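Data first, discussion second: the structure below is written as structure tokens.
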Amino acid sequence: MKRHLISAADLTRDDAVLVLDTAEEMARMADRPIKKLPTLRGRTICNLFFEDSTRTRISFEAAEKRLSADVINFSAKGSSVSKGESLKDTAQTLAAMGVDAVVIRHSASGAPYRLANSGWIDAPVINAGDGTHQHPTQALLDAFTLRRRLVGHDAGIGQDLSGRRVTIVGDVLHSRVARSNVDLLHTLGAEVTLVAPPTLVPVGVDSWPCEVSYDLDSALPKCDAVMMLRVQRERMNAAFFPTEREYSRRYGLDAERMARIPEHAVVMHPGPMVRGMEITAEVADSPRCTVVEQVANGVFTRMAVLYLLLGGNEPAVTQPSSRTEEK
Ligand code: NCD
């Protein structure tokens, strides 16, 4: 694996499968009475959040704490960033404090790349979402969820998602989740179809490794998973569709539409959901919707990423039997 995780496109098939297999080991730990591992004891990780987040921030913090790292949480609101401090000065402050890894979310696409390649700080950088660009750990947790659901927990070890069909629906234009998922799912052998109104399809999408459709109903019967995206109002500077009602009617997932997807297929959403817009409450609360499972899997997947980027040579999980043998 590369030293930093900036884009899902940085991962080879073998890197990605290694993360998913390691996440599976981490998930097994969650069933033990003591969930904590000593792997990152004495290491300091800083979570640098320049943009709002609920799931991703809590998930990274939980993952870091389960690996026994010391955690510093930084959020731009209430910090000197709101006084005009630059990313460079913030990074140098962290470097002076000796942090061992930085998790960064930023509204500017490219900020994590800049941090990783600037020389301001010498630590692995993990992108927790930058502008409309990338969100690689979300794609990894989505792939983990898909592999568990479609291939199986144990049966999935060492496997990719070859031949599985995933339909990603909604505001693709502003979605870093869609970009990361297209890259990673393609690397893992899955076939991806993007469905969006023409105004929310990015320019240059023809060079992406996926199909594009404007018709949700025709894309649903042949997928193994449908991933709904939130309409990213905060990133919109124009009207991209006539009304919310019109958007929901054509691109929202309701029970009637869900009946068109195959029995075994799952409904995914990275959260936060806007119930009644891209997904109805009935679909969001159905057992086929993996949204809560995705959150749980996010912790295991981020533990795996942190372990692989920082853990070095210690085994991720010490088996109780081998510990007894050592004594
Ligand atoms: C997404 C994000 O922030 O990119 N959410 C997440 O990380 N779970 C998607 C979104 O905000 O709609």
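Each Cβ is built from the backbone N, Cα and C atoms, and glycine gets one as well.
Those TrEMBL annotations? Automatic predictions, nothing curated.
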Given that TrEMBL lists Arg55, Thr56, His135, Gln138, Gly271, Pro272 as binding carbamoyl phosphate, which residue among Arg28, Arg105, Arg165, Arg235 does it place in the same site? Arg105
In Å, rounded, how far does the Cα of Arg230 (L-aspartate binding site) sit from the Cα of His135 (carbamoyl phosphate binding site)? 14
Sparsest-packed among the binding-site residues, when each Cβ's other Cβ atoms within 10 Å are tallied, from Arg55, Arg105, His135, Arg176, Arg230: Arg55
Listed binding-site residues Arg55, Thr56, Arg105, Gly271, filtered to Cα within 10 Å of Arg176 (L-aspartate binding site): none
Of the binding-site residues listed (Gly271, Pro272), the greatest number of other CB atoms within 10 A surrounds the CB of Gly271
Maximum Cα-Cα separation (Å), residues Arg55, Thr56, Arg105, His135, Gln138, Gly271, Pro272 listed as binding carbamoyl phosphate: 16
Give, as a single whole number between 0 and 100, the mean pLDDT over the domain 'Aspartate/ornithine carbamoyltransferase carbamoyl-P binding' (3-147). 93
